[in-house]
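Here's the structure, in structure tokens; my notes come after.
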């Protein structure tokens, strides 16, 4: 005990949405983008614009599919309430309590209004992992030993395996299958880029449709948590209500983008192949090949011999 109470953190906690893995993914894709921008001046004519659109759209799809695996805002909820701050204490604080659910765990935030209350700085953010190589109950037990504020422990307890809410198993399984489906979508995205570069345009369009389908499947997998009974997270008379977060809507937009791009490629292949080849910078190459085939070179020696 510290001055008769459990010890509390004095330092800032990590942010809830971004972590090191997300930053690494973004840096890798930004490096690829910058590398492409360095070589884009060497492409002449209208093909420069087409190359830029194709590469940037493809990189956006790839970075979203990978980055949302590590974000923590697939489902979010906030509430402002007067609540107890410490165990075995009657002191009440006014604070914002936030819940951020990701595919691999949950973040619980606590920010005081104002931050400095009861002679302490109330600004906490705790992560509790439930991926298959992590033990959520162990993380929760460590939080108890550290003496985390009561609101954080109350919210985190709802997701333990021993909780009668049963939210742990539902979120853990749905998050696992959503993550696995997104990795499959990433593989099909790689295959589509290979097919576009071979080039086999129509099959690249089909693989884009498959990519969009797997992205949508991941959203459906995560949405299954809505089918379970909702366990209320209540602070006095105020209830913390959850809703889909930014990562969910960003993933949905990416899946729809894949569908639109795939349908466009397949449609142009069947109805306007020349426009599709022009967009993929193939029409000029074909014209050059035909031009080379029409040129005839005659050896003057054999011509004089025949004459």
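Cβ coordinates are placed from backbone N, Cα and C, and glycine is handled just like the others.
Because the structure is a prediction, the values reported are computed rather than measured.
If you look up TrEMBL, you'll see 20-39 (among others) marked as transmembrane segment.
Note on the transmembrane segment (51-71): residues 17-19, 21-22, 25-26, 29, 32-33, 36, 40, 43, 102-104, 179, 182-183, 185-186, 189, 193, 196, 211, 215, 246-247, 250-251, 254, 257-258, 261, 279-281 of its chain, located 6 or more positions outside it, place their CB under 8 angstroms from a CB of the stretch. For 51-71 (among others), the entry in TrEMBL reads transmembrane segment.
If you look up TrEMBL, you'll see 91-110 (among others) marked as transmembrane segment.
The transmembrane segment feature in TrEMBL is assigned to 177-196 (among others).
Annotated transmembrane segment per TrEMBL: 202-225 (among others), in sequence order. Taking Cβ pairs closer than 8 Å, the transmembrane segment (202-225) reaches residues 61, 65, 74-75, 103, 167, 170-171, 174-175, 177-179, 181-182, 184-185, 188-189, 191-193, 195-196, 248, 251-252, 254-259, 261-266, 269 in its own chain, all 6 or more past its ends.
The transmembrane segment annotation in TrEMBL covers 246-271 (among others). Same-chain residues lying 6+ beyond the ends of the transmembrane segment (246-271) with a Cβ under 8 Å from its Cβ atoms: 17, 57, 60-61, 64-65, 68, 71-76, 102, 182, 189, 201-202, 204-209, 211-213, 215-216, 218-219, 222, 279.
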